[in-house]
Amino acid sequence: MKVLAAMSGGVDSAVAAARAVDAGHDVVGVHLALSRMPGTLRTGSRGCCTIEDASDAWRACERLGIPFYTWDFSERFAEDVVDDFVAEYEAGRTPNPCMRCNERIKFAALLERALELGFDAVCTGHYAAVRPGPDGSLELHRAADDAKDQSYVLGVLTADQLAHCLFPLADTPSKELVRAEAAERGLSVAAKPDSHDICFIPDGDTRGWLAERIDLAPGPIVDPEGQELGTHAGAQAFTVGQRKGLAIGRPAPDGKPRFVLEVRPKENKVVVGGRELLDVDRITGIRPSWAGAPVPEARTGAWFDCALQFRAHGEIVEARARQRADAAGHPGWEIEPARPLRGVAPGQTAVLYRGTRVLGQATIDTARNARLSAPADA
């Protein structure tokens, strides 16, 4: 099989490519140049997609004896990931740029070009698995290593995309074994630290980065009843569940800290309240997609049992869900967790599971507060 190995410059993609070579595939390595911004290209940057990463990817391919290329996807990355990130914050939502990058760059733009060039599959270092289901159709599953599992950020993949995905690290029980294997193979990235930051905000200062791109203006901080408590420097720079950065001179009546409950960009307001008001008992999702064949209940709109994860490496909770159209007729999901969840924000991604299988995903549109709402209907 002709395989295009996406080489990030990290240890996972290097070992994944090595295993693809061992499996007898005709492997070609490619590194994606995603940004020309100085903050992400300087030597020693903490984000990914740096000049150092490109050099490490080249050295890994040289060690493996496979061809190496660099593809410039910076323009599409800027439009589909960076601009989208800014637009979501402007709308008062909390986006996941890694999810968007997988959806529109790594498994859309990259895969499309790979197929055009005659490749059969794209190989990455993601910790996830593609397995046949009972009917023979392909399904996305969690990896053997729960601590490193990345099936959440791959929940955007479709059945057609899964047919061209190769995840050689799927059954590896720990990251330590991947590093040990890299060292045995003589790969220079064996001890390279993982990247944890948003790649285009390597210093981690999301608020400062947004302030340079969004027209932030001071506005009121209010409680759920609308009483003004203080002033913020820009509503769009806040996210649900945030506590830091709230300039509130007046303490809460119970003396407990306040958290962001809601961001209202059109009114330029930030609504705050006690921690207990972050509890959510019903979620609606928009722009849903299925990672493989939909569950049978999707055709009828009936409730189905599942498990829910709403942030990368976050907890997975039992839930029920159903597919429903909104008032405009657009498809969506309604999700009810078995217990209230804390800190769910519009813009995050809700990924549904059944056992180890990823059923699919949707972007969270609304999250209903459990303490301020009426009981759910059946």
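Even glycines carry a Cβ here, placed using N, Cα and C.
Annotation source Swiss-Prot lists ATP binding site at A6, M7, S8, G9, G10, V11, D12, S13, L32, G125, citing sequence analysis. What Swiss-Prot lists as disulfide bond is C101-C199. Swiss-Prot lists C101 with the feature active site, nucleophile, giving sequence analysis as the kind of evidence. Under the heading site 'Interaction with tRNA', Swiss-Prot lists H126, Q348. The active site, cysteine persulfide intermediate annotation in Swiss-Prot covers C199 and is backed by sequence analysis.
Swiss-Prot feature annotations superimposed on the structure.
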residue : record                       : DSSP (3 states)
A6      : ATP binding site             : strand
D12     : ATP binding site             : helix
L32     : ATP binding site             : strand
C101    : disulfide bond               : helix
H126    : site 'Interaction with tRNA' : coil
C199    : disulfide bond               : coil
Q348    : site 'Interaction with tRNA' : coil
Inset, instruction - In whole Å, note down how far the CA of A6 (ATP binding site) lies from the CA of C101 (disulfide bond). - result: 13
Legend entry - Diameter of the ATP binding set by C-alpha atoms, the set being A6, M7, S8, G9, G10, V11, D12, S13, L32, G125, in angstrom: 16
Inset, instruction - Please name which of the recorded positions listed here, H126, C199, Q348, is nearest in space to L32 (ATP binding site), Cα against Cα. - result: C199
Inset, instruction - Tell me the Cβ neighbour count for S8 (ATP binding site), meaning other Cβ atoms within 10 Å of its Cβ, over all protein chains shown. - result: 24
Inset, instruction - Across all the protein chains here, work out how many other Cβ atoms are within 10 Å of the Cβ of L32 (ATP binding site). - result: 24
Inset, instruction - By CA-CA distance, flag whichever of A6, S8, G10, D12 among the binding-site residues is nearest to H126 (site 'Interaction with tRNA'). - result: D12
Inset, instruction - Please determine which of the recorded positions listed here (A6, G10, C101, C199, Q348) has the lowest count of neighbouring CB atoms within 10 Å. - result: G10
